[in-house]
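Participant: Submitted below is the structure of interest, expressed as structure tokens.
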Amino acid sequence: MSPMDLQESAAALVRQLGERVEDRRGFGFMSPAIYDTAWVSMISKTIDDQKTWLFAECFQYILSHQLEDGGWAMYASEIDAILNTSASLLSLKRHLSNPYQITSITQEDLSARINRAQNALQKLLNEWNVDSTLHVGFEILVPALLRYLEDEGIAFAFSGRERLLEIEKQKLSKFKAQYLYLPIKVTALHSLEAFIGAIEFDKVSHHKVSGAFMASPSSTAAYMMHATQWDDECEDYLRHVIAHASGKGSGGVPSAFPSTIFESVWPLSTLLKVGYDLNSAPFIEKIRSYLHDAYIAEKGILGFTPFVGADADDTATTILVLNLLNQPVSVDAMLKEFEEEHHFKTYSQERNPSFSANCNVLLALLYSQEPSLYSAQIEKAIRFLYKQFTDSEMDVRDKWNLSPYYSWMLMTQAITRLTTLQKTSKLSTLRDDSISKGLISLLFRIASTVVKDQKPGGSWGTRASKEETAYAVLILTYAFYLDEVTESLRHDIKIAIENGCSFLSERTMQSDSEWLWVEKVTYKSEVLSEAYILAALKRAADLPDENAEAAPVINGISTNGFEHTDRINGKLKVNGTNGTNGSHETNGINGTHEIEQINGVNGTNGHSDVPHDTNGWVEEPTAINETNGHYVNGTNHETPLTNGISNGDSVSVHTDHSDSYYQRSDWTADEEQILLGPFDYLESLPGKNMRSQLIQSFNTWLKVPTESLDVIIKVISMLHTASLLIDDIQDQSILRRGQPVAHSIFGTAQAMNSGNYVYFLALREVQKLQNPKAISIYVDSLIDLHRGQGMELFWRDSLMCPTEEQYLDMVANKTGGLFCLAIQLMQAEATIQVDFIPLVRLLGIIFQICDDYLNLKSTAYTDNKGLCEDLTEGKFSFPIIHSIRSNPGNRQLINILKQKPREDDIKRYALSYMESTNSFEYTRGVVRKLKTEAIDTIQGLEKHGLEENIGIRKILARMSLEL
């Protein structure tokens, strides 16, 4: 391929990603997995009173992929065949027991297939080396599958079983299945199928995101099979995966979908690190905005797709990509979440550290704006990686990719980048000089080994893999520039690269992608493979000619002997321009990031005297420089300038209106006071201050910055008081906090307008957080509040008694909604990634039920609001609902509600009737049960690593029925 062809191919790959990145369901290119497909095939549903296998196409996929020996595919590792065969055997057995609508296969044929599958699995288990297995979660998945098969009457004995159970015990020693009930994202959510019989699936529903559990079809299938209520959203998710994932309607599903972040940042980081100019590529801005928004929304730590739980790999590579795209972001949240004493962890409870994850964290630090700030962490990662190489005698085995060349490639890139920073004084040398020397020696050994490993046809890998060959070529292109490389080895490297590129350029019937990537089973991805191949071909094309004098290295790229860096590899200028975006040179060397590329145009061109906040762009005082479509200041918040006019800005024309008949006056403080009169009156009356205390208590865990916390406290106070103004009007209340309600003083219309006005003032306060997610949270919460209030008014005005469940749903929207708004805003501003909303909703329900009880029984309430105000308002509160539904044939209480009585005698009669139905005793029992559940949740959070929270316990204790 010519350089232009390579650039066009890279742009086409970016376009492929960008066209789908805004799909609300996400995208993914992971290959179909027999294992997950088998689990989805086992979902049944009752339709028109008939049990039906819901996804018959998945079962057909399983049948069509059974091998002659009775087993299923071993993509690249023996664990693939074990998991694929175990899950498929389980599916076959269950379809044999319950054929339902499946008529495409006879019982005899199915029985024969089961026998062959059983024999194949026994053979696989007998030959399995358990200790050599690295795949994610195998230690809990295989034992679980063996138990499920035993339940179906199929048992297996094999020599490695005892060792397998030891590893399972070790894995689960720090984990209890009940952790899944907590509002904390744990990796076990990706494998709920391993916990059938060990958990109540109804209690994990709060972890569902867009119809899936940690984007896993098999985990989602297990939930659908064992939850007591059918979930249409999960069904819709799986139908979408079957139709739109890599199986393309064949019935096959991947081990994860979507994987939008992972399969965006891996190709982009691969292309950007080798110098592809993607800033002008179609759709790059969509991807950059998507990634930056995800980074902000998830507070600096991300997973393979939004809101599935963060990992160091995806976090580091997203940060790397954003920095290379001139959207600088901080690494601080990543370090806080994943840094350990001697290495960086991928997830919170991983059994063994990942080599590649530590490489990616290291690369993110090395490409950060100021790598010198993270010298200690850089050295920590280097020490860990170097030790992994030396201890294993270069036999490094990673848990996410099966190819040794993948780990070597990442290490080579890291060493090259580290050396470049040290040579340019951007980073100090390592304190341990022996490691510094060892790294260069290591790179020399890696290069020598890679050259020797090349196959006669120019490929690398056991299967003549194009993707592995790309890894190897990339390694050699970095090693080529090493000063320590002898001329003889440099020549051999050049020949190996040329032969490798010839192999990569061959058009064959074989797919370029390879089964190298590790999930529950091994998978391949066409976009990952294409990115590595394009990267290898570009790095190779950028090598100097054989006859050129060896050149110094700038940012890992030879200047090919030219003294000035405006010529790279003999080519004058970049992109055919002398001045790009107002800078005088276009050598592609970014003074902030020092990207290893030859044709980037977004840097400071190495001018240290240019302020960092402009990234080298200099604007004239009275004229706007032409930007050629690139972004000023290097951020996606700036709008491209075309012909001197911002595409995103309107053109304002000054017109003199001094003689106009009407000129709008400024809004005055006196006018503001008129609108806020009812609000200020109610604010002046002392209340319980419960919400402010709740915020402070949760901040023990969330540790929100003071400036943000002050805004949130103000917003919640404003919104609470404004909603009370409206509530008092709609409930026709007389007293509020022992004083006349605001609308009895200011009038109904003025009080209502004041309440609505403050809703918008509160929204303006939320905007001060400068967090797009906070705006969405606020708007969604207002919608919930009005939904809750609307249903309560409907029941009252239509005299329809809701069920207890309907009432609690209303409370979750109304009272709980305001509680949740406070904590959701705090979570949006915090760095800790724990979902406290289930606990907050529980506290909101407890608070409201207690309030309902005290409204009818407390003398303090009588003083503040009148005796049994809920009866006077005709309101269906929790004890009233129970009493009415305890004896539906007795209409006395509902008729009293209809009258909205003000007479104390009638109210006392209603209370005595409610005593006769044991409604107050029932309410006390419900509160006790809910408070126990809340305490258990709080203790679970604390046991899971959060500090003891006395404040929340005090708030819970205050939610009392004591009169």
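In case you wondered, yes, glycine gets a Cβ from its N, Cα and C as well.
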Participant: Looking at the candidate ranges 1-5, 526-530, 851-855, report the one that Swiss-Prot labels motif 'DDXXD 2'.
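Facilitator: Based on what Swiss-Prot states, motif 'DDXXD 2' spans 851-855.
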Participant: Swiss-Prot tags one of 311-314, 943-946, 947-950 as motif 'DXDD' - which one?
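Facilitator: Here Swiss-Prot associates motif 'DXDD' with the stretch 311-314.
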Participant: Rank the binding-site residues Asp314, Glu339 by how many other Cβ atoms lie within 10 Å of each Cβ and give me the one with the fewest.
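Facilitator: Looking at the binding-site residues Asp314, Glu339, the Cβ with the fewest others within 10 Å is that of Glu339.
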Participant: Between Glu339 (substrate binding site) and Asp727 (Mg(2+) 3 binding site), find the distance joining the two CA atoms and give it rounded to the nearest Å.
Facilitator: 49
Participant: What three-state secondary structure does DSSP assign to Asp731 (Mg(2+) 3 binding site)?
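Facilitator: The residue in question, Asp731 (Mg(2+) 3 binding site), is coil (DSSP, three-state).
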Participant: Fewest other Cβ atoms within 10 Å: which of the binding-site residues Asp311, Asp727 wins that one? Let me know.
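Facilitator: With the binding-site residues Asp311, Asp727, fewest surrounding Cβ atoms within 10 Å: Asp727.
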Participant: Counting distance between Cα atoms, which of the binding-site residues Asp314, Glu337, Glu341 is nearest Asp727 (Mg(2+) 3 binding site)?
Facilitator: Glu337
Participant: Can you give me the average pLDDT across the motif 'DXDD' (311-314), rounded to a whole number?
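Facilitator: Averaged over the motif 'DXDD' (311-314), per-residue pLDDT gives 96.
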Participant: How long is the line from the C-alpha of Phe338 (substrate binding site) to the C-alpha of Asp314 (Mg(2+) 2 binding site), rounded to the nearest angstrom?
Facilitator: 12
Participant: Tell me, which binding-site residues from Glu337, Glu340, Glu341, Thr522, Asp731 are within 10 Å of Asp311 (Mg(2+) 2 binding site) if we use the C-alpha atoms?
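Facilitator: So far as Cα distances go, the binding-site residues lying within 10 Å of Asp311 (Mg(2+) 2 binding site) are Glu337.
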Participant: Near Thr522 (substrate binding site), which residues of its chain come within a Cβ-Cβ distance under 8 Å, counting only those 6 or more away in sequence?
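Facilitator: Same-chain residues close to Thr522 (substrate binding site) (Cβ under 8 Å, separated by 6 or more) are Tyr75, Ala76, Ser77, Asp80, His135, Leu402, Trp515, Leu516.
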